[in-house]
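Annotated features in TrEMBL:
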type: ACT_SITE; residues: His407; note: active site
type: ACT_SITE; residues: Asp458; note: active site
type: ACT_SITE; residues: Glu467; note: active site
type: DOMAIN; residues: 36-480; note: domain 'Glycoside hydrolase family 9'
type: SIGNAL; residues: 1-31; note: signal peptide
Amino acid sequence: MARKPLITFLGNFRVTAFLLLLLLTSRQVIGGGHDYHDALRKSILFFEGQRSGKLPPDQRVKWRRDSALHDGSSVGRDLTGGYYDAGDNIKFGFPMAFTTTLLSWSIIDFGRNMGPELKNAVKAVKWATDYLLKVTAVPNVVYVQLGDAYSDHNCWERPEDMDTLRTVYKIDGSHPGSDVAGETAAALAAASIVFRSRDPAYSRLLLNRAVRVFDFADSHRGAYSGSLHSAVCPFYCDVNGYQASNRRTARRYREYIVKNEVILHAGDTINEFGWDNKHAGINVLISKEVLMGRAEYFESFKHNADGFICSILPGISHSQVQYSPGGLIFKAGGSNMQHVTSLSFLFLAYSNYLSHANKAVPCGEKTASPALLKQLAKRQVDYILGDNPLRMSYMVGYGPRYPQRIHHRGSSLPSVRAHPARIRCKEGSRYFLSPDANPNVHVGAVVGGPNVTDAFPDSRPFFQESEPTTYINAPLVGLLAYFSAHP
């Protein structure tokens, strides 16, 4: 479980509204030393291993079975489905929604490069949005977490066996959570673009629900970590953003952005992008509008986006991130690879937006060209796939050497097929502590990765290094799609 420190609520309150506003107004084999298309296929396959609920007939990850089939029954709702966010058996709405947003953004910007994997990427989005529609079905209510994290973390058991508390946590008018509600609205809105031509009726359902959830988030303001602190902290108690609309009401959200720019604090922590902080992402995406000449009044956001790029560039004296000796982006706290993939995704996205406008980023005496940004993003991807001091791929199942003992319950315990009998809570401890490799290879899982010295303990107890998460993989999908077509 990734753990992050709290950050200021107001600074992130509306961020994803801006991400999705720009997404809604927007309409990439083998190369180099790596088989990026194979890595793309595996990065998407990972999501099938994270599924909760009744598995479909076309399920490809065969060591998984149905799980959590009674989620929501305690409150009279069907809340089955969705994803386990990491190596445990809890469904956290916050990171799941961000995962959905980034998967959707990957498809919107780079889906044309996915080839036959596009259909699997779309399925990965729909598995999430079907669940998000369930948790937002009641007006002015969002069910934001399924399962008690402390109960779950006291056990090491397969999701198919879990007998821990499946407590349902919600936000509502009396217990607001604008951050998680906003991110949920963002995910629904982003996905509505993915399905706009593929399934217009489903797309309209997603968009209409996004608007409703946005209005709830805006009308009942507050951080969900305030309402549900004991349940969500220290796991996912950070804050986040908003959503968007279609062309009919786009003006409303443009005006909303202008009106709330000061409250947004989009110029703060510009080098952050993840499930809990959208500042860099919103600045990059709004800059697309500026670069296309459609929204000069958002020039301050482009200034922030340029500042983000300059703050991350290696070799800049005021760089706000560290680089390991092997060249990996490193930010202290939590699972580092989430920063690597998310920031690299923004490098690539901004590079494309700049290229179309024939622009570059001035950084003092240096200039960051679109080609340089692509090179930086590719360097991070190649590090993940094995171009690093340990010559290890940090994607499970890719390359000749990869992590064998990932911090993941389902992967580390024998499958139901191999061991039909129930493995109870504490009976799984011997598997957790075993030096043996995981019996189920969780293909495509990207772990938290090495430390700032490029050292990596391939050991389950070191969860920050050895645990995979959906929000590490989601932005990597877009990166791998692009580099599979542009090695």
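Each residue, glycine too, has its Cβ placed from N, Cα and C.
TrEMBL does not curate its annotations; it predicts them automatically.
Taking the C-alpha positions, the distance from His407 (active site) to Glu467 (active site) comes to 5 Å.
The C-beta environment of Asp458 (active site), restricted to residues of the same chain at least 6 apart in sequence and closer than 8 Å, consists of Pro403, Gln404, Arg405, Ser466. Residue environment of His407 (active site) contains 25 other Cβ atoms, counted within 10 Å of its Cβ in all protein chains. Its Cβ placed at the centre, Glu467 (active site) has 22 other Cβ atoms within 10 Å.
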